[in-house]
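As recorded in Swiss-Prot, the features of this protein are as follows:
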ACT_SITE  CYS87  active site, nucleophile
ACT_SITE  HIS195  active site
ACT_SITE  GLU197  active site
DOMAIN    4-223  domain 'Glutamine amidotransferase type-1'
Amino acid sequence: MTSRIGVITFPGTLDDVDAVRAVRLAGAEPVELWHADEDLKNVDAVVVPGGFSYGDYLRAGAIAAIAPAMKSVVAAAERGTPVLGICNGFQILQEAGLLPGALTRNEGLHFVCRDIYLDVENTSTAWTNQFAEGTKILVPSKHGEGRFQASEETLERLEGEGRVVFRYVENHNGSRNSIAGVCSENGRVVGLMPHPEHAVETLTGPSLDGLGLFQSVLSTLVS
C-alpha cells in the first residue's frame, strides 16, 4: 500500500507544488491539504512547505501556526506522525511549538539565494535514516529570515541530545552553531531552512540529494 504524504498550502505558500512533486518522485502519494481544513485526510506524514505564509505579517510563520490545519498537525505530531517543515515551514513548526529556537533576519540583513552544502549530523530521524553517517548534501537555500537562534541552555540541550540534524558547511546566514535544521525529541518532527524539494531532479536542481529526506520517511512508514 502506497504511503500518503500531505502537503499543506497556506496563503503565500510558494513551494507546495515542488514538495508535491518531490513526494511523488520518492514513490509516495502526495495529498494536497488546505490551511483552513482541520481534516488531514488520514495521511501518514505531513510536509509544511516554504514560502511567505500570510505575507510573513506579525512574524514569519506566526499566523500560519494557528491555522486549523496546523492544529491538526500538532495533534498528529503528538501521536507520532512524521512532520517535515521546510524554510517557512520550519518557522511555522517553531511558532506552533513543535520545534525549539527561532529564525531571525540573516546576518547582514540580506536575502540569500544559493546552492549550499549541509552536513547530515543525525541519520536516525524519520526524515534522514537513509543517509549514511558523514554525508554532505547539496541543496538550494533561499531565505531572508533563516538565522537560527536559541538560548545557551537550548543550544546545549540540542547539541547534547543529538538533535541538530543539519549543519551548514559554510555558515552563510549567521546561524548559531551553524545550525540549518533540528528535530523533536523523538526525531519524528524535523525542520530545516534549505530546500530539499528543489534537489530532486537533475534538470532543475543542483543534485538529487533532497530525495533522501522523502525516501527516509517512506522507510520510516513501512518499518
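Each Cβ is built from the backbone N, Cα and C atoms, and glycine gets one as well.
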Seminar exercise, completed: The predicted model's mean pLDDT over the domain 'Glutamine amidotransferase type-1' (4-223) is 96
For this session: Pop the Cα-Cα gap between GLU197 (active site) and the residue listed as 'active site, nucleophile' into the table, whole Å please.
Result: 11
Exercise. Within 10 Å of the Cβ of CYS87 (active site, nucleophile), how many other Cβ atoms are there?
Worked result: 29
For this session: Report, as a single number, how many Cβ atoms besides its own are within 10 Å of the Cβ of HIS195 (active site).
Result: 25
Exercise. Do any residues at least six apart in sequence from GLU197 (active site), in the same chain, have a Cβ closer than 8 Å to its Cβ, and if so which, in order?
Worked result: ASP15, ASP18, ALA19, ARG21, ALA22, VAL47, PRO49, ILE86, GLY210
Seminar exercise, completed: Under a three-state DSSP reduction, the secondary structure at GLU197 (active site) is helix
